[in-house]
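The next block holds one structure in the form of structure tokens; read it before the comments.
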Amino acid sequence: MIPLSLSETTLPTVTTQAPDLDYWLLSPLLVVFAAGVIGVIVEAFVPAQRRYSIQTALAMVAVGVAFVLTLVQVGALPADSAGLTLAFATVVVDRPSLFFQGVILALALASLLLIAERRDGESAFTGQAAAVPGSEEERAHVLAGSQHTEVYPLVMFAVLGMQLFTAANDFLTMFIALEVMSLPLYLLCGLARRRRLFSQEAALKYFLLGAFSSAFFLFGIAMVYGYAGAVEFAAVRAAGSSGGLIDGGEPLLLIGIAMIGVGMLFKVGTVPFHNWKPDVYQGAPTPITALMASGTLVAAFGAMLRVFYVAFGTTVAQWRPMLWVVAILTMVVAAVIAVTQRDIKRLLAYSSVVHAGFILTAVVAANADGLTGAMFYLAAYGFTTVGAFAIVTLVRNPDNGAEAGDLTQWAGLGRTSPFLAASLGLFLLAFAGIPLTSGFIGKFAVFEAAVAAGATPLVVVGVLSSAVTAFFYVRIIVLMFFAEPAENAPRVLKPGILTGTTVGLGVAATLLLGILPGPVLEHVIPQPAAETSEAVAAEHTAADSLFAR
């Protein structure tokens, strides 16, 4: 019988549930996002002569507030809680994510100090990005003293992507965070005030190779989804234990792990996915290079640790051999090539590649010590790197005012600018892993975790690579303090308040983390809870014991 009216029809009851958006827990991300949006509005409606001061204050206040909110959330997170999931379990708030966000925000604030520095009325960025290098339009903008203040909202969106990248709880959210982080950086790399063609070439290379790696990452997600039927990390982990949706589907998982690994290893900059780093680091504005070499590396490794320790935590035997090979190639190849470099920014780029290999030894360990060791290493390396690039911005060619990249021009710097030379020497010693610096504690932590996991051959390669890298670090120190100043000696600028603060922050962090690492390792970096039960204690030594799922 066909019902004659709606009253005779029984409709199903539909229950809808609003998403669990805890704005307080998401506040560090929301503050940075709001600053980026407001910055765009400022560019649209505020007169050009007032934008610099407004954008600088807005960006620094937003990052500072987000950092304080992150610290408050660390203290408010219950001691017996692994963490919380928000927004349909797409975002996670746990101790590792809060730690990585705090480090990223601190490094972003230090980089913003370099970005905001102006010398003789000029910043490190071109006056008009759309101008063709060498054109009349560009010269007009240079003569007018134009400031490209759009860099501030772009930096805010990049920092937002870095934060979300480390807090994503599924692959789709992580991919979105990857693009939010990467797209602004592609633009920022092409905005250098000097050597415009070189800067735009670096941006183009970074964009093309970045798009290539993103495609690998996305195809890997598709493969994992075909195997697990889900993109949530917890569901992928469960599928790895149970065998997936279909019999014989393990090749899908292995291909997915490999392709996702390629996408993430590109962002980290390991061999053989490192070729973009030297060109981009050299061509990009140095303040942006500082942000990429520190914040982006922290974000990429933070995301990698979550993916391999949580989503692929039950398939360690499948992905560990791949990372073994990549780590060895990265440490050996990058260390050898770095010895031949004659440009300071390219040398620091290859140094970054080598350090990525060192951190990979902690990832390979796949235990809680590896996680905490990698976290300490990333924090220590980040502050040292920002300080080193801050000094690079101060050493200029006497003829055109561009940065003095050739290492021969740094000869005798210890005589003309002893404070800057001593600061850079300290940073180089930290990169080399000399005792009483943060680099020594970081290397000791990651190598100790690798030895405990049975990766002693990997540690041997790491120690030998450290010896090779120490050669070119010490070579620069000898050049600065014991060589005669070059005929084309550079003009060393007096550090402004902003740049001086960045250098001082780097020096303080390098010494404090090297001399007093205990407070950071015990109170800042999360540790597995102490348990009396042997079974529970064994569980807490697992690589994923500190992550929320």
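Sequential numbering from 1, following the chain as shown.
Using the three backbone atoms N, Cα and C, a Cβ is placed for every residue, glycine included.
Among the features that Swiss-Prot reports, transmembrane segment is placed at 26-46, 57-77, 96-116, 148-168, 206-226, 253-273, 321-341, 347-367, 375-395, 421-441, 466-486, 496-516 (among others).
Between the transmembrane segment (96-116) and the transmembrane segment (496-516) there are at least 3 Cβ pairs closer than 8 Å, counting only pairs 6 or more residues apart in sequence, which means the two stretches are in contact. Highest Cβ contact count with the transmembrane segment (148-168) among the listed stretches 26-46, 206-226, 375-395, 421-441, 496-516 falls to 26-46 (criterion: pairs under 8 Å). Residues of the same chain lying 6 or more positions beyond the ends of the transmembrane segment (496-516) and with a Cβ under 8 Å from any Cβ of it are 110-111, 113-114, 116-117, 119, 376, 379-380, 383-384, 386-388, 390-391, 393-394, 420, 423, 426-427, 430, 435-442. Residues 96, 99-100, 103, 106-107, 110-111, 114, 117, 124, 286-287, 289-290, 293-295, 297-298, 301-302, 344-345, 348, 352, 355, 358-359, 362, 403-404, 409-410, 413, 417, 420, 423-424, 427-428, 430-431, 438-439, 441-443, 445-446, 490-493, 495, 499, 502-503, 505-507, 509-510, 513-514, 517, 520-521, 525 of the same chain sit 6 or more residues outside the transmembrane segment (375-395) yet have a Cβ under 8 Å from a Cβ within it.
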